[in-house]
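Comments concern the structure below.
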Amino acid sequence: MARSVTKQQKALNTAIAWTIGLLIFFPILWTILTSFKSEGQAIADPPIFLFFDWTLENYAVVQERSNYTNFLWNSIIISVGSTVLGLIVAIPAAWSMAFTPSKRTKDILMWMLSTKMLPAVGVLYPIYIGATKMGLMDSHIALVLVIMLINLPIIIWMLYTYFREIPGEILEAARMDGASLKEEIIYILTPMAIPGIASTMLLNIILAWNEAFWTINLTVTKAAPLTAFIASYSSPEGLFYAKLSAASTMAIAPILIMGWFSQKQLVRGLTFGAVK
Amino acid sequence: MNKSVRALLGATALCSVAVAANAETLTIATVNNGDMIRMQGLDDDFTAKTGIELEWVTLEENVLRQRVTTDISTNGGAFDIMTIGMYETPIWGANGWLVPLDDLSEEYNAADILPAMAGGLSYDGTLYAAPFYGESSMVMYRTDLMEAAGLEMPDAPTWEFIREAAAAMTDRDADINGICLRGKAGWGEGGAFITAMSNSFGARWFDMDWNAQFDTEAWANTLNFYKGMMDESGPAGYATNGFNENLSLFQQGKCGMWIDATVAASFVTNPNDSEVADSVGFALAPDNGLGKRSNWLWAWALAIPAGSQKTDAAKQFIEWATSTDYIELVAANEGWANVPPGARTSLYENPNYMDVPFAQMTLDSILSADPLNSTVEESPYVGVQFAAIPEFAGIATEVSQEFSAAYAGQQTVEEALAKAQAITNDAMEAAGYR
């Protein structure tokens, strides 16, 4: 039976939700506002919120100094490429763990997750040397592979959770109708798990987009994505906060817009299987 | 158009494509600061003269340091030229990771490089990086506030005078702090300042057997003096202030004095950014009468990693970027106040540059710092605000975290020094020095 909620409680819940939402969004809002200030206004004390001389100068300087389109294109290739490759590897892996588990499946899942706890810098040298020797330094291939491997445990875990919610009997029925393993995964399982796969994809694109350690360390100029673009505007000796904010806004804008339009799918996917 | 003309045009087009395809490209890793960005804006001059194209990788200082260290220590060859500092150069030179710059052309006139800079960028007498710009530290102060306090800043003040002047200039109601200094954790931030300051108090990091010296009276005096003065006259939250935070405070008229990098002089005197541009004076960093001042010495310099396949082209670029011609190019485009300072002796013989208000004090500050002999008592290391050993960056970052905690009142000065002593001795023992 649904619990009755009074109007006052509803209003209170809405107010709390909005407050939390605004608090979380505030740093992004502040970055966007700072990007339209002069360097002097950016560091003003007390800080200026809205009433300042709005300027596009920082965007003009950033555009002139950096090839934004190149960085953006690299970010798209790396984030989408690593996610698609990750899904290709993870869907069969999650299928086998969800529908044909062995005694060790839980241990394997935990072990995969534990690899996320390894500090990235611990494997920097072997991966750096490997990429250099194979001629993959500053290439999309190296970054797609490395970021796919980093995010693979999360992709498998998420898909495993979604697949577990799909009744095994449906797959059995498909098998009885003569479906091969490949057909079972492509034509039966994947369409049923579309919301889960979509949210996994979106979340991993966001994770790959924001990845800053490997994308800076394995690139020079050709494959450098937007994380390297932002890093080029940070300075401990010089006040470049407004320009840094403009660069940050330009870097987060595409993923922010993507997140805005796909929020329904994201939420649906993330809560998929939460209520049984 | 007849056939032969078409063929000629076609051949010309092919040749130009071939030339473009063969044009050499140098990849340069650099930091994001004003002088380096200015150089990127003027790099067409180099390409026009040599036909060599340039690709820039600009990163934040600490990110760059980690990025180029990974590349050079693995012989990765991702960069043809690296922007490195005085800390890395002698260490990397000793490791054989850098190409010696001992065969630069006569026109370049390497003898014109300021001796303090050349010394700090050499190992065993060989230059391994050419200084793009150099800096020391000095006192920048508000002439109007000093006058209102009834004091006159000497050219070479003592710490006692600085403390007295800071207290006299402080006006909490008007939001004016007598003095702003770095307190932020980090070996290149608060760590650099307190190490340079400790030299003037007779302290040193290590004795000749590489034993830590934080249990000495000189270190206790340094930290107690710093904390006492900053608690009296410094800004709130000074324990987390670094270069940028203090620059911001000074430019907004909230500091009576600021002791920091000489390159900041061009920022605080720039009327576009600074509210106090026309009332800034300069003095040498303070001392305590022990024979050492509290100023540091640093240079951002250009070096060629041993893994580069384009050594000759890289040397051509370094000669261009650190030449007197480049200085004149910047002066013609941006004015003399914006030329890269502190690298060449001839710059300080140029009357155009000596008209810049902070030029003489910058030179005097640089000349008064000696990286080979920075401490009152003998020490085994090279460097003024650092010890040029690979372990220093890690140790000094930890030590400066303890100091910052003491500034913030989270522990006493004695506790911070005891921890610094233990951290340093443990690390030096693990590294095999002791």
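Just so you know, glycine gets a Cβ as well, placed from its N, Cα and C.
Feature annotations, courtesy of TrEMBL:
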{"type": "TRANSMEM", "residues": "A:12-33", "note": "transmembrane segment"}
{"type": "TRANSMEM", "residues": "A:71-96", "note": "transmembrane segment"}
{"type": "DOMAIN", "residues": "A:72-262", "note": "domain 'ABC transmembrane type-1'"}
{"type": "TRANSMEM", "residues": "A:108-129", "note": "transmembrane segment"}
{"type": "TRANSMEM", "residues": "A:141-163", "note": "transmembrane segment"}
{"type": "TRANSMEM", "residues": "A:184-209", "note": "transmembrane segment"}
{"type": "TRANSMEM", "residues": "A:240-261", "note": "transmembrane segment"}
Tertiary contacts of the transmembrane segment (A:71-96) (same chain, 6+ residues out, Cβ under 8 Å): 140, 143-145, 147-148, 151-152, 155-156, 159-160, 162-163, 185, 189-190, 197, 200-201, 204-206, 208-209, 215, 219, 223-229, 251, 254
Contact between the transmembrane segment (A:12-33) and the transmembrane segment (A:184-209) (at least 3 Cβ pairs under 8 Å, separation 6+): no
Beyond the flanks of the transmembrane segment (A:141-163) by at least 6 residues, Cβ under 8 Å: 77-79, 81-83, 85-87, 89-91, 93-95, 97-99, 109, 112-113, 115-116, 120, 127, 131, 134, 189, 193, 195-197, 199-200, 203-204, 207-208, 211, 214-215, 218-219, 223, 225, 269, 272-273
